[in-house]
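Copied from TrEMBL, the annotated features are:
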type	residues	note
DOMAIN	2-121	domain 'PLAT'
BINDING	82, 83	Ca(2+) binding site
SITE	106	site 'Essential for stabilizing binding to COTL1'
DOMAIN	121-670	domain 'Lipoxygenase'
BINDING	367, 372, 547, 670	Fe cation binding site
C-alpha cells in the first residue's frame, strides 16, 4: 500500500467556501486511485475561504506519472448544493514527486471535473489517451458554455448570454466588483451632485452654469481642461495624448476634398504648405467614417454630427497647432474652411464640432470596437477552443478577466435601445451601427500593433507624443515576455503548425471577430513561432495598455462638456461672421444630455478596488521554474518603466499616466 499526500487550496475570495463533501480521484499512467472522500482533521472547515487542507489517498501500488485528477462534490442531506472556488491541488507521490494542478474555477454542481497537471507541456506531444480524452471532454463542455452570438450585423460576434448570472461562474464579476460597479452606476448622478438635472431639458444659459455643475467633481487633468479648452495648442495636444491618439497622421499631400491654400494658412507668405509638408510639419485628422451618418434625435430635437477634416502644423516651439478645419467632407460654398484668423466664435465653434465628432469616433471605433469587442472575441475563442493545460490558455486567461460581463453590461446599459449612449449621443441609434460597420471594414491587423501603426501614420518623430513613447515601450516589454514564454514551449515552426487547438483559436478569431475579411490582414492560421508571438503580443497589448490609453482618461477630457460634447443640437455655421457666445450655448447639448454624458464617462473611468495591474497574476497557472522566472522578469521591467514614466510626468503640465504599467489593468474590466 502506498500513500499520496494531497493538499487542497480553497480560493481566498468572497463566498468561495463549500460545506459539501469533496471527493478526489488520482489518475496516472499506470493506474488510478479509488474515488476518495477528502475528510481530515479540520472537518467542515477544510474548504472554507483561504483554507489549505491536507489529506492522504491510499493506493495498492504506484500510479506512475500523474496525468490528471478528478474532483467532485456532493451536498449533505438537508444542506443545499453550494459553489466552491478551488484555487489549486498539489499532490506528492510516494516517489517524492510533486504535481501541481492549477484550477482557479468555481465548482457549482455535483459533476466530475477533470484537471491536468500544471506543467504546460507542448500538448501536441502528449499522447497519453487519458490526457487527450480529458482535453476533448473539457473542450466539448466549453463549446456548450461559450457560444457565439451576433448582436448586430457588421460587428464582431459576442458571447451568447441571457443575463450576467447566466455567464459561467469563472468569468463573472467578483462580489466586490459587482457591488462597486452597481453602486457607481446607480449613484453616479448623486455622487457628481447632478441629481435633478438629469431630467432638465433646457439649454445652457451661460458658461458659468456649466462650471457650477462641473465644480461638483474634478480631477487634476479635468480642471486643466476646463481652463485651457479654448486654446489651439491644447486642442492640438489632445490628438496626441487625449483619449483618441489614433487618428492623427502625417500629411504629405492634401486630400482632394480639402482645398486649403497657402494664403489661408500662411497669409504673410512666411512659408508654404508644400515646404512644410517636405519638412514633416503638417498633419491631418480625417473623420470620414462619420460622413453621412444619420444623427440622433434627442429631447425631440434633431442633433448634428459632422465628419471634419483638420490640418495641423508643428510650430517651431514643437506645439501642434490647428491651422484649418473643414466640417463636412464635400467642399462647397456653404462648407467654409475655418481658420484661426476667423472671429473668435467661428473658430471656437468649428473646434467644438471637431471635438464632438472625436467623442463619437472614439467611443464607437477606438474604444468599443478596437478594445472591448475585440477583447471579447479573443476571450471567447480562447475559452471555447483551448484547454486549461495549454500554455496559451495559461498566458492569456488573466487578460480575459471580467471582459465578458463588462461587455454584456455595455450592450445592455450603453448601446441597447434604452442605453445611455443610444439616448444621448449624437451617433446613438441607427448611426451607431453604421459607424461600427464602417470601422470594422477599415480595421487592419497592422493598426492594432502600435509599432506598425505609428510607422504607417508617419508619426514617429512628432514631439511630445507620450501615447506613442509609452506605448512602444510597453509593447516591447510585452513582446519580449511573450517571445520568451512561447519559445519555451514551441521549439519550431512545425510545433505551431501542428497545434490544432492553437489553429482553432485563430480561425475562430478570424471568422467571428473579423467576419472572415481577408483584407484586414488578420491571419487565418499560424505558420511560425514569430507570427504567433506577434499576434499574442497584440492580444495582450489590446486587452491591457491600449484599453487603458483610450478608456481611463474619459472623465479627464470629457467631464468638462464644452471640450468634448456628447452631442450638438444646431448645425454648424454655413457662412463666417454669424456666430456668438449665444450661438455656441445654443449648439451645446441640453442640460440633461450633458449630465448623462458626465455620469457615463465618470462610470467608465472608475477603477475597481480589485483592479489587477498589468503583469500581475494572482493565479499560479504556470508551475515550471523557467516560465515563473520570466513572469518575475516581466514584472521587473514593467516596474522600471513605471518609475521612468512617473519621473517624466513630474515635469509635465499635463501628466500622461494612462500607459503607466502600475495603472494599466490586466484586462478589459471596465
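Using N, Cα and C of the backbone, Cβ positions are placed for all residues, glycine too.
On the structure: features taken from TrEMBL.
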residue	record	Cβ neighbours (10 Å)
82	Ca(2+) binding site	15
83	Ca(2+) binding site	15
106	site 'Essential for stabilizing binding to COTL1'	20
367	Fe cation binding site	24
372	Fe cation binding site	24
547	Fe cation binding site	25
670	Fe cation binding site	23
Quiz item: Can you tell which of the recorded positions 82, 83, 106 lies nearest to residue 367 (Fe cation binding site) in space, using Cα positions?
Solution: 106
Quiz prompt | residue 670 (Fe cation binding site) to residue 83 (Ca(2+) binding site) - Cα separation in whole Å | solution = 25
Practice problem: Return the member of 82, 83, 106 nearest to residue 547 (Fe cation binding site) in space, with distance defined Cα to Cα and candidates limited to these recorded positions. | Solution: 106
Self-check item: Listed in sequence order, residues not in 367, 372, 547, 670 with Cβ within 8 Å of the centre of the Fe cation site Cβ atoms
Solution: 368, 371, 375, 406, 550, 551, 604, 668
Exercise. Determine, using Cα-Cα distances only, which of these recorded positions is closest to residue 372 (Fe cation binding site): 82, 83, 106.
Key: 106
Quiz item: Taking all residues of the domain 'Lipoxygenase' (121-670) together, what is their mean pLDDT?
Solution: 94
Practice problem: Determine how many residues of the domain 'PLAT' (2-121) DSSP places in helix, in strand and in coil. | Solution: 5 helix, 61 strand, 54 coil
Self-check item: Distance from residue 106 (site 'Essential for stabilizing binding to COTL1') back to residue 83 (Ca(2+) binding site), taken between C-alpha atoms, in Å
Solution: 6
Self-check item: Rounded to the nearest Å - Cα separation of residue 106 (site 'Essential for stabilizing binding to COTL1') and residue 82 (Ca(2+) binding site)
Solution: 10
